[in-house]
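The following features are taken from TrEMBL:
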ACT_SITE  Asp294  active site, proton donor/acceptor
BINDING   Glu143, His211, His232  Zn(2+) binding site
BINDING   Ala154, Asn235, Ala236, Arg243, His272, Leu328, Ser329, Gly330  substrate binding site
DOMAIN    62-401  domain 'Amidohydrolase-related'
Amino acid sequence: MPSNKSVSDAPITQFINCRILRDNELQREDLWVREGRILDPEKLFFDEQGYADKRVDCEGSIIAPGFIDVQINGGYGIDFSQASEDVSDGVSFVAKKILEHGVTSFCPTLVTSPPEVYHKVLPQVKVHDGGPHGAGVLGFHLEGPFISAEKKGAHPEKYLRTFKSGGLEDLMEVYGSLDDVAIVTLAPELPGSQSVVRELSRRGITVSLGHSAADLSQAEEAVQHGATFITHLFNAMLPFHHRDPGIVGLLTSDRIPAGRTVYYGMIADGIHTNPAALRIAHRAHPSGLVLVTDAITAMGLPPGRHTLGQQVIEIQGLHAYVAGTKTLSGSIATMDMCVRHFKQASGCSVQEALEAASLHPAQLLGISHKKGKLDYGSDADLVLLDEGLNVKATYISGEEVWRKGQ
């Protein structure tokens, strides 16, 4: 039967034969969508006497909110940190490819680069919604160059910067602009960093602590000034020590401001973090865990040599190294792989694994009123999965954008 037209002419889609992730539970009920948002069926039936125009039989699938990747450096031969005339084409290409991994929105991530790279790349990509063309862009994640030389990881040392003129001027000089920037990763022990943390937070930009040799008190001070994220926990930071646990200690710190959650990125690819370390983090602070791929150019490519920013990277099996070294330089994991590995390695529930890739990143970015949940009124960004958490189909704003085998 056609939908009642008293409220909207838009067609209504009803997803049937599914279990939907809502309120930390998998609930066996239908999901209703209109105009790209999730509908309250009770209001539809009783206030509008409406019906579905289209039914989608999910064949017992799990429906979860679309995955959100807040740290992805590129993939499929594309490197977001390579200044070119067609950066937006490269971002669009990756955005389209990651739909098959359940990702419906993401933060293109730039590693430490010279100022001219930021000045060329940043103006070319604007925040925009996803659709059949690809996953939506939530804003850039700028990882560096204001990081520790000691914990630079795969970042090129010659482009690292400090806060010389006391803060924001340094940022503007390097980045050129903070428009369309969602996250900045910096080292909180750098002199002048706290005023930068305050200013970025005031502007609504998420401040992440990473590539840092900070002790716990320096990390806590940054959180008190507004930092809310830790970039790839355990990697490129001081190892946990019982007398000074460093940034890792934020997971159980009692000096976090009331009402504030510190989130932490976790590369659950089976390489960057030992499963025991992953379990320690998850059990200490489950509500803060955010799965990230930290994927590089070589995601989706065969073994061999590829670029990441200003470095040459070598792929050996599932490992991505700075060429000629054993320094890890990002992963070649996809988000659905990370979800499956996280569940298997941590022993967490299906719900927890899915929320670490959807709800938690949305909360981190302050967008959980529209993304990361299947609440009434939320964006209908969906991923359909089988029992093994393999992606069967991806929807953005209620529209199918990818389906396995098609």
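Just so you know, glycine gets a Cβ as well, placed from its N, Cα and C.
Here the binding-site residues are His211, His232, Arg243, His272, and the one with the most other Cβ atoms within 10 Å of its Cβ is His211. For the recorded positions Glu143, His211, Asp294, a Cα to Cα distance of within 10 angstroms from Ala236 (substrate binding site) holds for His211. Looking only at the domain 'Amidohydrolase-related' (62-401), the predicted model's pLDDT averages out at 95. In this structure, the C-alpha atom of Ser329 (substrate binding site) lies 9 angstrom from that of Asp294 (active site, proton donor/acceptor). The two recorded residues, His211 (Zn(2+) binding site) and Gly330 (substrate binding site), have Cα atoms 13 Å apart. It is Leu328, among the binding-site residues Ala236, Leu328, whose Cβ has the fewest other Cβ atoms within 10 Å in the structure shown. For the binding-site residues Glu143, Arg243, Leu328, a Cα to Cα distance of within 10 angstroms from Asp294 (active site, proton donor/acceptor) holds for none. The binding residues for substrate are recorded as Ala154, Asn235, Ala236, Arg243, His272, Leu328, Ser329, Gly330; their greatest pairwise CA distance is 30 Å. Cα of Glu143 (Zn(2+) binding site) to Cα of Asn235 (substrate binding site): a distance of 13 Å. Once Cβ contacts within 10 Å are tallied over all protein chains shown, the binding-site residues Asn235, Ser329 are led by Ser329. Close to His232 (Zn(2+) binding site), meaning Cα to Cα within 10 A, are the following binding-site residues out of Ala154, Arg243, His272, Leu328: His272.
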